[in-house]
Amino acid sequence: MVSMEIVHVPVLREEVGAFLSVREGLVVDATLGEGGHSEALLESRPGIRILGVDADPIMLSRAGERLSRFGDRVRLVQGWFDEVLESFPAEDRPVGILMDLGISSYHLEKSGRGFSFLRREPLDMRLSPYLPMKASDVVNTYSETELVDIFSRFGEEPFSKRIARAIVSERRKMPITTSDHLAEVVMKAVPPKARRGRIHPATRVFQALRIVVNKELERVERAVRAGVRLLAPGGRMAVISFHSLEDRIVKRLFRFYAGACTCPPEEPICRCGGQGIVEVLTKKPVRPGEEEVRANPASRSARLRVLEKVRDAAHLREEGHALP
C-alpha cells in the first residue's frame with residue numbers, strides 16, 4: 001500500500017484529464033514526478049499505457065510505488081525528458097504527451113539539495129545526481145558578470161548587479177556552500193524595501209541557479225520540438241509551466257507548429273499557406289481556479305497549454321530554413 005507521504009494532488013488534474021481524453025494507446029508522462037497525473041489517467045482510462053520519465057531516480061522509485069497497482073500498464077524510464085523524447089522508437093508513437101515543468105514539493109521540502117532557501121541544506125539543486133555541476137559551483141566560480149547575466153536572464157531579477165557583487169565579495173571570505181548562506185547574502189544585498197515584498201528576495205536567484213544547473217529552458221525547447229514530431233496524428237500534448245520563461249517557449253513553439261510551412265525544401269515559395277501540423281486547443285493558457293489555489297497555493301502560477309497533432313509532415317520551414 002502506498003504511504004500517505006507520497007500521495008499528493010497534481011496541479012490542474014481535472015483539466016489535464018479533460019484535454020488528454022484518449023481512450024487507448026501510449027501516453028508519455030515526460031516529467032513523472034510523484035506520478036499523480038499518471039495515476040489519474042490510468043484510473044480513468046483503462047485502455048491506456050503510461051511511459052513515465054524522470055531524471056531523478058529517487059522520484060522514479062517513489063512514483064513506481066504509487067503506480068505499482070497498475071502492473072504492466074506502466075513502464076518507467078530514468079532520464080531527461082528531452083533526451084528520451086528525442087530518442088523515442090518510431091514504432092510506438094504516443095497518443096498523448098504530458099510535461100509538468102514544476103519543481104516537486106519533495107525536492108523543495110525533503111530532498112536535501114538546497115532547492116529551498118527556508119532551511120540549511122547543501123547548495124546542490126541538481127534534479128539528477130548524474131549532472132556534473134552543482135549550484136555551489138556556479139555561485140563560487142562564475143564571474144560577477146556571468147552571475148549578473150544568469151540572474152537577469154533566468155530569474156528576471158531587478159537587483160542582479162547588487163546581488164552578484166555581494167556574492168563575489170562574500171565568497172572571497174568563505175565559500176557559499178549552503179542554501180541558507182546564499183539566501184542571507186541575497187537578503188543583505190537588496191534594498192530594505194525589497195526585503196518586505198510578497199516573495200522572498202532570494203526566490204528569483206534560486207530559480208535562475210536551478211535553471212542553469214539543470215539546463216531547464218534548453219530542455220523544454222528540445223522536448224516540445226521532439227514531442228510534436230513524435231506524436232501520432234490525433235494525439236495531444238499538454239504542457240504545464242510555472243513561470244514566464246518556460247511559458248514563452250511553449251507559446252512560441254505551439255504557434256510555430258500551428259502555422260509552419262510544410263512545403264518541400266526545393267519549393268522556393270510556400271504553397272501550403274502555412275497549414276501547420278498542429279492545432280492549438282488553448283488560445284489562452286488554462287489557469288487553476290480559486291478553489292484549487294486555496295487548497296494548493298503552489299498551483300497559483302501554473303499555466304496549461306495543449307495542442308493536437310493534425311498531420312505529419314516530412315518538412316517544416318521557418319524563414320527559409322528547416323526545423324527539426
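Just so you know, glycine gets a Cβ as well, placed from its N, Cα and C.
Predicted automatically and left uncurated, TrEMBL annotations should be read as such.
Per TrEMBL, S-adenosyl-L-methionine binding site is recorded for Gly35, Gly36, His37, Asp54, Phe81, Asp100, His107. Taking a C-beta cut-off of under 8 angstroms and a sequence separation of 6 or more, His37 (S-adenosyl-L-methionine binding site) has the following same-chain neighbours: Pro10, Arg13, Val16, Asp29, Leu98, Asp100.
Neighbour counts were taken as the number of other C-beta atoms within 10 angstroms of each residue's C-beta; across the binding-site residues Asp54, Asp100, the minimum falls on Asp100.
Taking the Cβ of Gly35 (S-adenosyl-L-methionine binding site) as centre and 10 Å as the limit, one finds 30 other Cβ atoms among all the protein chains shown.
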